[in-house]
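All remarks here apply to the structure that follows.
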């Protein structure tokens, strides 16, 4: 009886425990990504995870969609993997699979896949849990294509004409088109009574993608003649990104009457005789009107032919000075002054006249005065020049006590500083007459007798002097500025080297002579004897060395001989003799410095005397 009571109590406890565990196991938590973005044609991954107090091998994971008003399963599996499958007969058939962590894989993604997906987990006594994720599909549209109006559009036309149409194809979700004028977006207006408005359309293609179009209507103003219009497609992409693509731009061909005429001279610098002149007439109407040009001089009007508003005058002269008029022929313009005038000034400078004219010959030492004059349209200068040197800044040039250096070409130049390139010049040649004067010349040098030498004799004088050479040779004459140069080529004979060469210049006023000396170059002689001297110097040095060695040997031999004679007593060496020697005159002192040990020993022997003499 007691055993039955215990058993009854145990069963009751187990029953209470099972009921309490049931309440705990029913808490299945399913977690998904609330929103998943994918691009059409790629792979979408929809994660699904769960947690429960007890996870059994037969825990069941299922993915569902809503289709046709009912809920359909598309894929399932157990945690153990013993059971797994894909459901057929739905819009995802053949494109879904189960991935790791129970995620649902869709490939390739289609636009119709944008929907809600439900992940459901059944864990036995733990119960069932579910979570929902939304798949968003994106696809970038094509670059927008513009079709602008090909017809001219009158300004202020009513109603507002169509000026352009923009189309962007195959985007998802449906993109948006925005119109721009220059860099400013145009407000999206749909009211047809407004001067500017748009008409938009959205078409869903069979592929599920969207094609959007927008037509722009605009009542243009003249200020829109240079405006650039374009459209931009704006569309959504994954991760809340907004992207854009721009179309090409276009301008409007507007028609408007002339409101202003300008007439201007195209030359950038003052005009001078000989220039080409261009005058341009411009009217701001479209289409551009034609023009009439007229030249007015002293009340007389002369029509001028021009092309496209450009009047060109070639090689103008002072006769082209006057007033020019341009008239724009625009009959649509009202109350507008269509005529403009400008005054053309052609600057000029007359040729320079020199008095006295022509070339002049002035006797040596006398004076001459030159004067130049000209006329011009503006203030001008007058300068006398010889070579690069300016001699006078007025029209007068005075040459006093003319010398041969004054002979040559003199130029009088006139210019107008305010008109670049406007100048005139005249010139005169001045010759100074007198007997020849030969310029001094240095001596000529040759390497050896018999060489060829060329001598130049330069002489001033007018008329041009005639030259003669003594002795003669091959001659040539040239004129260089205001002097005449005669060259002579001959052989440097003994006669030439000894007596030189004489140049004589002669004209009707007298003559002059110059002696040219020809010598043999010292450098040549030095070069010829250089090698011999070097050999002699080397030989002399060797001889000195040999002589010193011989002298030293003879001296040693003499010392040795004297020592031997003294040792044998054959050499009388008395004090009297020593005194005589000491008292005698010493004409030469020979000092020999001995460096070797043998020489030292010989010196010590000489310094020792016999005991009887000490």
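Just so you know, glycine gets a Cβ as well, placed from its N, Cα and C.
Bear in mind that TrEMBL entries carry predicted annotations, made automatically and left uncurated.
Mean pLDDT for the domain 'Ig-like' (27-136) in this predicted model: 92. Annotation comment: TrEMBL describes 27-136 (among others) as domain 'Ig-like'.
Residues or ranges marked as domain 'Ig-like' in TrEMBL: 141-251 (among others).
The domain 'Ig-like' annotation in TrEMBL covers 257-343 (among others).
Residues or ranges marked as domain 'Ig-like' in TrEMBL: 351-429 (among others).
Here TrEMBL flags 436-521 (among others) as domain 'Ig-like'.
Sequence annotations record features per position, and here TrEMBL assigns signal peptide to 1-26.
TrEMBL lists 541-565 with the feature transmembrane segment.
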Could you break down the residues of the domain 'Ig-like' (257-343) into DSSP helix, strand and coil, giving a count for each?
3 helix, 45 strand, 39 coil
Within the domain 'Ig-like' (27-136), count helix residues (DSSP H, G, I), strand residues (E, B) and coil residues, in that order.
9 helix, 59 strand, 42 coil
On the DSSP side of things, how many residues of the domain 'Ig-like' (351-429) fall into helix, strand and coil, could you say?
3 helix, 43 strand, 33 coil
